[in-house]
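Beneath this line is the structure, given in structure tokens, with notes to follow.
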Amino acid sequence: MLMTTTTIAMSLSHDVIIAAAQRAARAIPPLWPLASSVAVNPFLGQASEPLEVAAARLRRASGIAVTMPRSWYAERLQSGEITEDDLQAAFQTAPAARRPPNVSALKHAIKVARPAPQAIPTVAELARDVTAIDWPGIVNERIGHWAAGYFDQGQALWAVGQSGGAYSTWRIIATHDLTPEIAGLAGFSQSVSDAPATAEDALVDCVARLGLSPDALDGYFHRLLTTLGGWGQVARYRLWQAELNGGTDACVTDLLAIRMLWEAALLHNGGSALVPGWQSAIAAYAAPVAASSDDVVDSILQEAAERAAQRKLNTVLAAPSSARLSRGRLTLQMAFCIDVRSEVFRRALESLDSGITTLGFAGFFGFGIGHRRFASDVVEARLPVLLSPGVVTCAGEPTPAANAAELSARITARAKRAWGRFKLAAISSFAFVEATGPIYIAKLLRDGLALARHHAPTDPAPRPAHELDLDTRLTMAARILKAMSFTSNFARLVVLAGHGAKVVNNPHASALHCGACGGYSGEVNARLLASLLNDHQVRAGLAERGIVIPADTLFLAALHDTTTDAVTLFADDHPSPTHAQDLAQVTQWLAAAGALARGERALRLPRANRSQDIAHRARDWAEIRPEWALAGCQAFIAAPRSRSAGRDLAGRAFLHDYDWRCDHGFGVLELILTAPVVVASWISLQYYGSTVAPERFGAGNKLLHNVTGGIGVVEGNGGILRTGLPWQSVHDGERLIHEPLRLSVLIEAPTEAIGAILERHPQLRALFDNRWLHLFALDDEGRMARRYIGDLSWETYVGDASSQSNRASTLA
């Protein structure tokens, strides 16, 4: 017996259904391909609602919890890490109508395990329960098999054509795929053949066949997209990129239509046995999303854990600083990315000499570029993913010698690609190992024993593909220096350090690079800025604008390898014999700082008994934790460096230099809040999601990963595309390395200025109002003075009341 199409479903208009599909598309996050992967907030579609409501929504859509098990909070309460005051303060922030009657009741609730989260069932899941056939697994396997070819970015030798869109391409393949019918879904190929020709019409048809009510559409569509795992997010990425360039993309709608055709066919095939369960599911999808009392309890516990961490952070910032700063002219100023990994190296470097100071700025250094590497036609977007490239750059000067070198490199690259395809081809691959295996013995031994050596980037110095006029260069230089709060007191040597990570056998290698550079290493942007600021015409123009750079100041670019803490200086870009002694001294300092940083990081890395083990890990094919990347991140501080210098923040804080007294009109503050803070929130929440819900927001086990399509990874031989971070990125095998805490943003600026910016940017304000981020204003001494409580309101922050003598000096 088939489900009778209801009058309500038949009356649903095309526009109503498509609008619901578009809303569902925005409820899931995008997924960037592996070559340029960046951290993405998995809760991007839920930023407009608080944690407890998002928990209710994602439980229905994905069957997950978005906070840690209650035992995790109970342990912290018992150890004293979470205090009674933290619990009481968190309790007061919860809506009075839904929280427990008092803190005693809350403490009792901690001892009671919350119910296991259950998603509202799909037709495939109901059919599995009735027939004992794993229909959800079959659906995921068949869609994944097709999607791996359709979305392929060069890995497959025989790529699936993309003309006509995802829906049309899938129909062509599905009408010839007998797997569903062999599994028991009779007539599936014919039903696909008979389906409407367009995805939108197919959606409308399936809504009627499934008997969906208007109120059920959003929840059901969201549920289906989550069952697709990373494939839905790849389609969402396409929509993101299209909208960034002023267009649109229908791939998410196509995938939703594909998934709904499976649902409609399964309902038709299941007959009356599925009707009662499906009617109950429709009613559940149509019910309003509302937080349960358990959701509110979990939200309060999460808030309490974060308040405990904030109290500890305030103690560190309020403690006396051990920093020593020269009263004369500085010898070295070194600008780093705000990435938390830089904090360890910066602290180590500054400890070596009072003539050294460091700065923090977004790692793309204000250059929003699309860069074409040497001997490549691929334009890499080396800037935050929230932005579009404004300048196209390339490597090397257009000289005859450079052109000849590029041609030679292109020929070599083509030969390597041809050889690689020959190795993987359907016929030649069988004989390849037997015929050429001995040739690879030396390489296999070298790589297998981690004897290979990493080499610094060798691309020629980058330049704009089309020469920029002086006024444009001047405007760029002034804007960047002001954004860095770096307009005076220049040292003889200023080093601009981008960062990257050199690892082997790691599909997620780009995730270890600079997020502000779009998942690429940051040396290109740093080299461009150094060239710009060494330009004599630019310096003369800057002086007329009040930014005087001494004639003996030299800007150099560098690359900080976050895996080994080695630093490469690009001194040959701007040779200066008069700075030879300075460079020799700086080289020694960088080597010493690297040793200190490696020693500190070795304490956290498993099986890294000595700092010398760090470099070996970067070359080891079998190493699943070459570095901890941004695990542990919990704070973003925008203030003068003096507020954090000499204080051990344990590699857990993003540090952005900012002096509001020099920011007339607060344009720089607005830029910080709308760009670096948002990028940092994406990073923080990706780590949070991969920790609290690894089954949905994590990439699974690295040991089982197979790269598919050059896009992402699957576990084993197929199925859904995994997203987020591998479990080994947040867990050391015995305990969690990343504490799942929402980011605390600390800004030294007047609250009136911060509030005005939040009022102008509703999406940014929603992150703070719904406490996906915490916001604090620092006073003139760098202490946490005011807490943002939502609705453009602030309260006085009362931190640790203990005496200065009892204060800790580290955040670890």
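In case you wondered, yes, glycine gets a Cβ from its N, Cα and C as well.
As given in Swiss-Prot:
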- Cys337, Asp339, His499, Cys514: Zn(2+) binding site (BINDING)
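The Cβ of Cys514 (Zn(2+) binding site) has Cys337, Asp339, Gly363, Phe364, Gly498, His499, Gly500, Tyr520, Ser521, Gly522 as same-chain neighbours under 8 Å, each 6 or more residues away in sequence. Listed in sequence order, the residues Phe336, Ile338, Arg341, Ser342, Gly363, Gly498, Gly500, His513, Gly515, Ala516, Cys517, Gly522, His560, Thr562 complete the 8 Å Cβ shell around the Zn(2+) site centroid, once Cys337, Asp339, His499, Cys514 themselves are left out. Comparing local CB density within 10 A for the binding-site residues Cys337, Asp339, His499, the maximum falls on Cys337.
In the three-state DSSP assignment, the secondary structure recorded for Asp339 (Zn(2+) binding site) is coil.
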